[in-house]
Amino acid sequence: MSNNTTLPSKSATDICLTDRQMSLSVNSAEGVLIGTIIPVLVLFGISGNILNLTVLLAPNLRTRSNQLLACLAVADIVSLIVILPHSMAHYEMFETALWFRKFYGKYKFQIIGISNWSIATATWLVFVICLERLIIIKYPLSVRKQAKFFTPRNVVSIIVVTTFILTSYNHVSHACAEKLFCNGTQYHVACIEINSERWFRNEPNPNSELMKSLVRYAPQVNAIFVVLIPVILVIIFNVMLILTLRQRQKLFEPSKTIRGDSQYGSQAKTEHKVTITVTAIVTCFTITQSPSAFVTFLSFYIQKDWFTLSAICTILVVLGKALNFVLFCLSSASFRQRLMMQTKQGILRKSTRYTSVAAHL
């Protein structure tokens, strides 16, 4: 966790900071983009992904692909939840609230760490989902041979553990000093990187060289293995999946029939429909996540003001996670039918329960 220390000073407690000094927004553009647009997308995205889970985790629909898609929905929900404090920080009612400033000041980098972890998990899950679909379509027999070890539980566990290790540096990357101003009514936190040459009160940096090297190089390793490589792989395999899908589309034309028994033909059509849904999700991911990936990677090597562009990329990332429910509904008739059936059953159960309670009154 980031180190939080208090810097006592009797004279400083009487000083009142200006609104600009107390602002948690880098600039006005970031305040509008993150503070206004993100909350709407987050609420829609969380609701949509919860609905996705209700369908994907239905007892008779727990296929390998649906389990991976359900894990992706969970990762997206976590990502959307942990981005809310960043959005709340741009509202005056939270920005000036002492309790929120203390919470956000102390745990900001832990929140960033969890956010990066969940996004990294989702990114590699998208790659695995895309790869799994491509293998099923092109080499259906090989899936049965590899199914024993490469189960969703094993694959997801490996991804979650590996991405946690790669993103865990966020929890120790900064040291923060907290101080109360204006007679204890204003709470302010200043944070610096662990590997910074300057330290609080111009004291020598107390951290070890190992810790400094970790914080210095870990973000670059993270950018390569968590951001750049998986996004490039997703783009490549998604193009391959789209090309394969176009070739197989001819097999399902009304004038043609699939060779083999009717059971194989029916299964092939089902796999084809699932692949269409996966392709839509992966394509949306590629469009919404790629800009953020390349901006993140370039920011390590090009020193400039990336705040506004990063805010726009953040909106694209959140938009991509919020659109998954829409993509499921648009690309899968079975998903729509299952969702409508579950909704009707839920309404019927509530109606029956209400009628039963009313009858006993």
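Quick reminder: no glycine exception, Cβ is built from N, Cα and C everywhere.
Here TrEMBL flags 48-328 as domain 'G-protein coupled receptors family 1 profile'. The annotation transmembrane segment is assigned in TrEMBL to 32-56, 68-89, 109-131, 152-169, 223-245, 274-300, 306-330.
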Contact call for the transmembrane segment (306-330) against the transmembrane segment (68-89), three or more Cβ pairs under 8 Å: yes
The transmembrane segment (223-245) versus listed stretches 32-56, 68-89, 109-131, 152-169, 274-300: most Cβ pairs under 8 Å: 274-300
Cβ-Cβ under 8 Å with the transmembrane segment (68-89): same-chain residues at least 6 beyond its ends: 24-25, 34-35, 38-39, 42, 45-46, 49-50, 52-53, 56-57, 95, 100, 103-104, 108, 111, 114-115, 118-119, 121-122, 125-126, 128-129, 132, 152, 155-156, 278, 281, 314, 317-318, 321-322, 324
Close approaches to the transmembrane segment (109-131) from elsewhere in its chain (Cβ under 8 angstroms; 6 or more beyond its ends): 1-2, 65, 68-69, 71-72, 75-76, 78-79, 82-83, 85-86, 155-156, 159-160, 162-164, 166-168, 170-171, 173-174, 176, 191, 222, 226-227, 230-231, 233-234, 237-238, 241, 278, 281-282, 285, 289, 317, 321
